[in-house]
Amino acid sequence: MAQFNRFVPVYRPASPRSASADAGDSSGGRRENGGPLPPPNPQQQPEMLYFRASAPAHRRVKESPLSSDAIFRQSHAGLLNLCIVVLIAVNSRLIIENLMKYGLLIRAGFWFSARSLGDWPFLMCCLTLPIFPLVALVAEKLIRRKLIGEHVVILLHIIITTSVIVYPAVVILKCDSAVLSGFVLMFLASIMWMKLVSYAHTNYDIRVLSKSTEKGAAYGNYVDPENMKDPTIKSLLYFMLAPTLCYQPTYPRTTCIRKGWVIRQLVKCLIFTGLMGFIIEQYINPIVKNSKHPLKGNFLNAIERVLKLSVPTLYVWLCMFYCFFHLWLNILAELLRFGDREFYKDWWNAKTVEEYWRMWNMPVHKWIIRHIYFPCIRKGCPGLARVLALNHHSSNEDNQTIDNTVGVAILISFLVSAVFHEICVAVPCHIFKFWAFFRIMFQIPLVFLTRYLQDKFQNIMVGNMIFWFFFSIVGQPMCVLLYYHDVMNRQAQASR
């Protein structure tokens, strides 16, 4: 604005003094008292040249704002606002068109059923799940008092963690519960399984460190005494309720609970939950009902259904992410005064699929790194820490060993994630076609593909676009179609 004012003349109304001066100028360049007018300031003359037609309009080399060299130096807030306005307009038209075509399609029979909610074994399974953490605490108390051996407590923890998964799965399959009810139960069972694995693994490592510090180990001085305490019922109860999957005796805590903030977040959580239900009932269900099995029908028809399904499934997933990771986990953290609230990072800027998996679900990512990735590396390459610390002196053979060990650790991490994705989806749907398993394992070649393309083109946007393409267009809509038709076929066969 300062440069603009420099080149544009500003009109200022003449004061009586200046008007009289102009009158004096017309009478021979004299003041009213007869004195001569002061000569014009020479420093103002170059400024006046900008107002002339002969002044050059092009003075230096400039790039267009949308050119490749200058696009990232510009602010695109206006374009972002335009995209928001277009999205609102387009989706408003789609909502009106959908309501005019189908009417209001909200129904609860597919998600909830009075039979499954009132089923006694299903209800008992939900109520008896807290028994397993108590049994794990008893096992830790026994090993602390040296009433059982190390191998016995490891065997007990294996039995406990296995039962946490098998018990709900058997109940769901035997009781034929509704899809959403079974999914919630398996989701809670999977969370409890990861918490109990962390509880057993961490307490085992605390015992090992305690023995090492008693023997005068060098790293004993770096161990925090607060995180070396014996397990208690209070620490176990807090851990089972806290929004984390990694156990430690103490956590960073905030000073108070913001009650008004909690109420606002609960209202938002209810609104977005209702929005998810509306999108599923009004958009996703009609689309999948009018589709054929992707692997049995027309190929072009399958592509058309996948593309049409990609937008509502993306909206549902984004609402789910915001509702669970931002709202619900922060509500739990506020009520428990849990301090570390990094439940996600800016995964939407992920340059590769690998970055997405490291940033979108931080509780699971920290659990995998702590209890799968690092243990696999320590077992596969015991001298890895020494080699990494002196990597500029390491040989090619050491680097090759590190690469192989890291690759195996990544493969095992994806394998565990794929197994639990399949369990959480296949058991409530009562079908085992391994669609979710293959979808997760397919991410491994995508990791190397996006990394290769990013290095080849030297552009961070290439990997991000590939990630969004497979995430929003190919992956989720295809899995929705596959599981929907398999569930409908199973129900049709069961009703005959």
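Keep in mind that glycine also has a Cβ here, set from the backbone N, Cα and C atoms.
Under the heading region 'Disordered', TrEMBL lists 1-45.
TrEMBL lists 12-25 with the feature compositional bias 'Low complexity'.
Look at TrEMBL and you will find 77-96 (among others) tagged as transmembrane segment.
If one looks beyond the transmembrane segment (120-139) by at least 6 residues along the same chain, the residues whose Cβ comes under 8 Å of a Cβ in the stretch are 148, 153, 156-157, 160, 163-164, 167-168, 171-172, 174-175, 177, 181, 185, 188-189, 192, 195-196, 199-200, 231, 233, 236, 240. Here TrEMBL flags 120-139 (among others) as transmembrane segment.
Residues annotated as transmembrane segment in TrEMBL: 151-172 (among others).
With a threshold of 8 Å between CB atoms, the same-chain residues lying at least 6 positions outside the transmembrane segment (178-197) that come near it are 110-113, 116-117, 122, 125-126, 129, 132-133, 136, 157, 160-161, 164-165, 167-169, 171-172, 239-240, 245, 247, 364, 367, 371, 420, 423-425, 427-429, 487. Feature annotation from TrEMBL assigns transmembrane segment to 178-197 (among others).
Listed by sequence, the residues of this chain that lie at least six past the ends of the transmembrane segment (266-284) yet keep a Cβ under 8 A from its Cβ atoms are 95, 98-99, 102, 104-107, 111, 309, 312-313, 315-316, 319-320, 322-323, 327-328, 331, 480. The feature transmembrane segment is assigned by TrEMBL to 266-284 (among others).
Beyond the transmembrane segment (314-336), the same-chain residues lying 6 or more positions past its ends with a Cβ under 8 Å from any Cβ of the stretch are 238, 241-243, 254, 257-258, 261-262, 265-266, 268-269, 272-273, 275-276, 279-280, 284, 343-344, 360-361, 363, 472, 476. Residues or ranges marked as transmembrane segment in TrEMBL: 314-336 (among others).
For 406-428 (among others), the entry in TrEMBL reads transmembrane segment.
Cβ neighbours of His421 (active site) (same chain, under 8 Å, six or more residues apart in sequence): Ala436, Phe437, Arg439, Ile440. Per TrEMBL, active site is recorded for His421.
Here the transmembrane segment (465-484) has long-range neighbours at 284, 288, 291, 293-295, 302, 305-307, 309-310, 313-314, 317, 350-353, 356, 425, 429, 431, 433, 435-436, 439, 446, 449-450, 453, meaning same-chain residues at least 6 beyond its ends whose C-beta is under 8 angstroms from one of its own. The transmembrane segment feature in TrEMBL is assigned to 465-484 (among others).
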